[in-house]
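A.B. asks: Structure below; questions to follow.
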Amino acid sequence: MEHLCPSPMKATSNGIFQGDNPLDFALPLAILQICLVLVVTRGLAFFLRPLRQPRVIAEIIGGVLLGPSALGRNKGYLNAIFPPKSITVLDTLANIGLLFFLFLAGLELDVKSLCQSGKKVLAIAVAGISLPFALGIGSSFILRETIAKGVDATSFLVFMGVALSITAFPVLARILAELKLLTTNVGRMAMSAAAVNDVAAWILLALAIALSGDNLSPVVSLWVFLCGCGFVICASLIVPPVFKWISRHCHEGEPVDEIYICGTLAAVLAAGLVTDIIGIHAMFGAFVIGVLVPKEGPFAGVLVEKVEDLVSGLFLPLYFVSSGLKTNVATIQGIQSWGLLVLVIFTACFGKIVGTFIVSLLWKIPKNEALALGFLMNSKGLVELIVLNIGKDRKVLNDQTFAIMVMMALVTTFITTPLVLAVYKPAEKLSKSDYKHRRIERKNPNTQLRILTCFRSSRNIPSIINLLEASRGTERGERLCVYAMHLMEFSERPSAILMVHKARHNGLPFWNKGQHSANHVVVAFEAFQQLSQVSVRSMTSISSLSDMHGDICITAEKKNIAIIILPYHKNLRLDGSFESTRPDFHLVNKRVLEHASCSVGIFVDRGLGGSAQISASNVSFSITVLFFGGHDDLEALAYGVRMAEHPGVELNVVRFLVELDSSEEIVRIDTEGTPAATVVSADEEFLAAFRTSISEDGSVKYEEKNVRDVSETITILRDYSRCSLFLVGRTPNGVVALALSQRIDCPELGPMGSLLTSPEFSTTASVLVVQQYYDNLYANSSHQMVED
């Protein structure tokens, strides 16, 4: 038997020039394995993205493909890349990754919010565990009679029950984000129920591990279980006070001391060591520490940032390959094996979906929501693989049973997204119901103005509130209704789940009154709502950047918004120039401009009103509207006219007229294909009404400037560079605007916006670039609008 024992591998080679084969040494082989795993899993994730599948699907399939089921059929490949002697090193790295992933999973679970879940969520969670668990026990008897003869009955029974009753909480969160259900009732219930389910599954798994093992004495199992309980109790008494003390020494916006991070990671490893000594599994200790770390304050977020990319990106895929190397689909052969696979998949799906569906109906949840909940709770993932791997290592599951269970996990997770989409579609695009006020320019200016303002971080909130204060117009606050949308990017990272918890905590969409980190946001918006008597309603968009524009446009249509105000994708630097920290948001703005069913403004913030919110009585803004002509310039002027109603706003309207030689004849066609004459008449009509209305208003000035070229235009603009805010149209009409468009840096800002934000134009004024909602149907009906 000696020749079967692989010889131990040395860590590093001397290189091929000295006659060494690097693949015979542990480190170069591990590096090759990691690189191969990353290429395969990320490649599969890219191809599966159009199917809206979570990354875990690609990682499970990648693991199976690299194992004996597919590529591993070639023995030369398997012995070269994954030789038996390398498996120990691979498994060790994979388990270290798993250890820290489980720590992050524990950080995701907020025990306080679980305790406040309510009876409905608890009932759904219990139903989603108990029926599949019972059916798992039933199917275990059939499996033991056929392909799993000779295994310990009790531990096999519990492992099968746990494997079928699990819901993968992290996977579910990503599916909900992909389907835009995170902030819906279904999403909230599914997240809470899955979290309860997760905790119950870990407790059941601890029980299953305690019951399994080489020593079948019930006294040993009892000792393992009791020591595990003792560890949890001791950790509950020691860990929270220590981490609360650490949290108090970590302040928002300041770097966390390296010794706290290092101490926490050491504590995670130490807890893993203790639970491994007890005989449960090292990952339980890590999970318990994660659950017990307080979620308040910046420390939990910093921990996740430090650990998540290395763990989720590098180490965790190794765990899927480690599972894949143990999975041989070829062992599922014959009618009996395939029949058992179908039975296990049916049992798993039936138990989860029917159990959740029936209890949901008893709680008077609509049928389509109840069915969607059932499908969502049926998603498996990494947690399922952990259970199966432990069962395989403990010899509770043989090769054939293991392969069947891995296939079951893959199928149940894969079908979740299409099934939910088939029965529940709350985020469908609304029909183009002609709500009246899709823009600021309107027949009756006294109707309510609805603004959807979006922000990515708290840095621009004072300026946004000052802009909204100026938009309030007259003292009658009910004329302005504001929807404040926090744009939150949802990624594959564990920190995205923490973000969702914060977003949903206490039912508040994007702030949590119990969190000091967000207090300045709360204070700012609440103060604005109370002082200005303006209706402010908050909401959150939690989605990937590729879908974020859809959230914004659908919300605008649902809420009958007149104008969406988006933040510019670049941030202001101390020297007055702009830098792009997240160029991806550039695409979000571009798509909103293309798809919005109302007017859109892009707000380039240079600190409007300073770094603090200004009270209504202290507002003193000088606002300049640059008018060349066209729909967008009309919208900018209409917005300026509304702002001029505010007692603290002084408005300057500068109309640019082009001096042309009499010999020149210019035919203009605007972007919508409407003849220029129509646009000119609309401009003149609006300007005539505007000049009549301002004849007695000293805070509004109207000037006309004759210009011949771009340089003259820029010279005039410099005279107004000391104002607070420029209001400009995105696509102005005219020869000068056309000449300026040759030097556009950012198409979303148009020629004037690009000029006013360029380094060569020195100003401290913020800029709002406006695009008017315009289509021919709206244009034809706008003159016959029914006044409110």
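The backbone N, Cα and C atoms fix where each Cβ goes, glycine too.
Unlike curated records, TrEMBL annotations are generated automatically.
TrEMBL lists 25-44, 56-72, 92-109, 121-143, 155-177, 189-211, 223-247, 259-290, 310-329, 341-365, 371-390, 402-424 with the feature transmembrane segment. The domain 'Cation/H+ exchanger transmembrane' annotation in TrEMBL covers 44-419. Annotation source TrEMBL lists domain 'Cation/H(+) antiporter central' at 479-618. Among the features that TrEMBL reports, domain 'Cation/H(+) antiporter C-terminal' is placed at 620-774.
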A.B. asks: Under a criterion of three or more Cβ pairs within a distance under 8 Å and sequence separation of at least 6, are the transmembrane segment (121-143) and the transmembrane segment (56-72) in contact?
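C.D. replies: Counting Cβ pairs under 8 Å (6 or more apart in sequence), the transmembrane segment (121-143) does not reach the transmembrane segment (56-72), since there are fewer than 3.
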A.B. asks: To the transmembrane segment (92-109), which of 155-177, 259-290, 310-329, 371-390, 402-424 is linked by the most Cβ pairs under 8 Å?
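C.D. replies: Most Cβ pairs under 8 Å with the transmembrane segment (92-109) come from 259-290.
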A.B. asks: Look over the recorded stretches 25-44, 56-72, 189-211 and say which has the most C-beta pairs under 8 A to the transmembrane segment (310-329).
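C.D. replies: Top-ranked stretch among 25-44, 56-72, 189-211: 56-72.
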A.B. asks: Take the C-beta pairs under 8 A between the transmembrane segment (189-211) and each of 155-177, 259-290, 371-390, 402-424. Which stretch has the highest count?
C.D. replies: 155-177
A.B. asks: For the transmembrane segment (56-72), could you work out the same-chain residues 6 or more beyond its ends whose Cβ comes under 8 Å from its Cβ atoms?
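C.D. replies: Same-chain contacts beyond the ends: 36-37, 40-42, 44-45, 47-48, 78, 82, 168, 170-171, 174, 316-317, 320-330, 381-382, 385, 403, 406, 409-410, 413-414.
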A.B. asks: Using a cut-off of under 8 Å between C-beta atoms, tell me which stretch among 223-247, 341-365, 371-390 contacts the transmembrane segment (155-177) the most.
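C.D. replies: Maximum Cβ contact count belongs to 371-390.
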A.B. asks: Which residues of the chain, 6 or more past the ends of the transmembrane segment (223-247), have a CB below 8 A from one of its CBs?
C.D. replies: 206-207, 209-210, 213, 260, 263-264, 267, 271, 274-275, 278-280, 284-285, 288-289, 292-294, 296-297, 299
